[in-house]
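Novice: For reference, TrEMBL lists these features for the protein:
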COMPBIAS  11-26  compositional bias 'Basic and acidic residues'
DOMAIN    146-562  domain 'Major facilitator superfamily (MFS) profile'
REGION    1-112  region 'Disordered'
TRANSMEM  145-165  transmembrane segment
TRANSMEM  185-207  transmembrane segment
TRANSMEM  219-238  transmembrane segment
TRANSMEM  244-265  transmembrane segment
TRANSMEM  277-295  transmembrane segment
TRANSMEM  307-325  transmembrane segment
TRANSMEM  406-430  transmembrane segment
TRANSMEM  436-456  transmembrane segment
TRANSMEM  463-482  transmembrane segment
TRANSMEM  533-555  transmembrane segment
Amino acid sequence: MAGGGHSSVQDAREQLVPKRDAEVEQSHSATHVFPQYDLPLPSTSGVEKLSEVVDPIRNGYRARPEEASGSSKGAVTDGPTPVGVNGAPPPGSVPAPDLLTSPRPPMPSAGGSSIVAAMEIQEALLPAQPAVPFEHPISLPRRRWMVFMFCLVAALLFADQNLLAPNLTAAANYFGMNERQKDTLLGGALMAAFFAVGAPAALLVGWLADRGDINRRTLLFWVVVVGETPCLLTYWVASFWQFFLLRALTGVAVGGCFPLVFSLLGDLVPQSRRAGVSAVVQIATGIGLAAGQALSGSIGPATNWRVPFMVVAAPSLAVALVMLLTTVEPPRGAFEEALRERYAEGMGSYEGSISWPKVAVLLRCPSNVLVIGQGLPGSLPWGMVLTYFNDFLAQQKGFTVQAATVVLLFFASGGAVGVIGGGAGGQWLYNKRKEYQALLAGGSVLAGIGPLYALINADLQHIGLAATCFLAALGGAVASVAGPNLRSVMLNVNEPETRGVALALQSMTDDLGKGLGPVLVAGLIHALGRKGAFNVATGGWIPCGVLLASLACCMRRDEDAMQARLAQSSEAQ
């Protein structure tokens, strides 16, 4: 019995002697198997740092230098747990802790980088935490109010765009013009000047909106003031050239409106609702255009053709002031996926700014090229309808001015229905598959050719006013589906700091189409007559529809590229 005890003590002493040969070292402690993880190391010396963190865990707690002496009470041994008499640990020793039950020992003090490495490894092993929920800095009710005010301003600005059309003949008589001068000067040159000024104004305003250091609401207010004051002064014109100058300056408001309004709205609504809000803007501008034309068609014959200009301009200035006082500047890119985490974690507002390299990227984007390129041919029929169609229905189709105005109101009302349905349907298709939105836009433009051709060539007196209004409503509804969808595409493929310029370029080509369209049609009228010239102008929707449908080939790739650029720019800041 004594010999057995001596043997146990001797075995324990032998176990306390460290074995030099690692190949024959045996451990009597429980074996723990740890999972292997393939993790990126935090520095170039990652192997050494990782070993500093993992060795204490793999081999048990290693005593600190001041704890290694045998005289220290409660010293912790290195290696296998010592065994005393009858399997008990010898006096003065503490067994290595069991990693499954014991508290985690402190990490070695080998420098700050090793501690950081340990923390990164532990974070990588933990399950992913849910993203911090994002809340827009502006409350939802106030954002809705801001959307309403921006749309109201846009509606009033577009109300004066077509004020002359119902009273084209009355204005020509006031200035002493013959039939040819009416079509050439009032119909062609005047509209060309209106949009020729509006196009560069849109580009300038878009650049200012994208700089990042200019309050866009204040800029919109001054755009309204510069554009609507000449409209107000139209009531006192005495000569055609005075009228020509004032109408050209009014183009500043119409040209500068779209880049600013859509730049603001892009920061107020998420990607999944932009087609809808684009539809709201287009409805607002369509209602404004139709209301202005209806007001001019009713007030003009009863008073004189200049009164509608004053009636429309005064409310525009008042509403712009209310907009400035009741809205705030929205943070840029707050709803972009690449910036969502930045705003959710309170890292500060995104401060991107327009630059020439970014403009070059914008111009190389295939989706931008297609949307901007379709503007010129696609706007020819619209320019023709806005400038000539009211007078065409009254002079060539045998309707009164009031009846012709009603037909155009049905065209505009159908356009509003098409915009609502197109915005809702296009957004639904986009959320299912992005490419479907482009196919809807292109197909609807091509389908709008038929009703417009019928209005130009059919015997409208024979089919009656009701059928004529139905054709006008159908044509306006089908052709208007594309508008909100192509503008949502522009918002989705461009960074917040380039949207103003991108939409300005798109608006500029639209304005050139609407401005040059009447000039082209005026020249065609002398060669082909009004009916032939209108048929040629309507054909502009063919290349427009094809280009919009082609967006299906590139819009998804362009959106992904934009988000990647935006994330890179945010990280650089």
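Every residue, even glycine, has its Cβ placed from backbone N, Cα and C.
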Novice: Quick one: average pLDDT across the domain 'Major facilitator superfamily (MFS) profile' (146-562), no decimals.
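Specialist: On average, pLDDT over the domain 'Major facilitator superfamily (MFS) profile' (146-562) sits at 88.
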Novice: What else in the chain is close to the transmembrane segment (244-265), if you only count residues 6 or more beyond its ends and a Cβ gap under 8 Å?
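Specialist: That would be 146-147, 150-151, 153-154, 157-158, 160-161, 164, 189-190, 193-202, 204-206, 209-210, 216-217, 219-220, 223-224, 226-228, 230-231, 233-234, 237, 274, 277-278, 281, 316, 330, 487, 490-491, 496, 499-501, 503-504, 506-508, 511.
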Novice: Between the transmembrane segment (219-238) and the transmembrane segment (533-555), are there at least three Cβ pairs closer than 8 Å, leaving out pairs fewer than 6 positions apart?
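Specialist: They are not in contact.
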Novice: Give residue numbers and ranges for long-range contacts of the transmembrane segment (185-207): same chain, 6 or more residues beyond its ends, CB-CB under 8 A.
Specialist: 161, 164, 168, 171-172, 175, 177, 219, 223, 240, 243-244, 247-252, 254-256, 258-260, 263, 354, 383, 386-388, 391, 500-505, 507-508, 511-512, 514-516, 518-519, 521-523
Novice: Within the same chain, where does the transmembrane segment (533-555) have neighbours whose Cβ lies under 8 angstroms from its own Cβ atoms, ignoring anything closer than 6 residues to its ends? I mean 6 or more beyond.
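Specialist: For the transmembrane segment (533-555), the list is 366-367, 370-371, 373-374, 377-381, 383-384, 388-389, 392, 434-439, 441-446, 448-449, 452-453, 456-457, 479, 482, 486, 489, 492-493, 513, 517, 520-521, 524-525, 527.
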Novice: Residues of the same chain, at least six outside the transmembrane segment (436-456), with any C-beta under 8 angstroms of its C-beta?
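Specialist: Non-local partners: 275, 378, 381, 385, 389, 418, 422, 425-427, 429-430, 468, 471-472, 474-475, 478-482, 485-486, 488-489, 531, 534-535, 538-539, 541-542, 544-552, 555.
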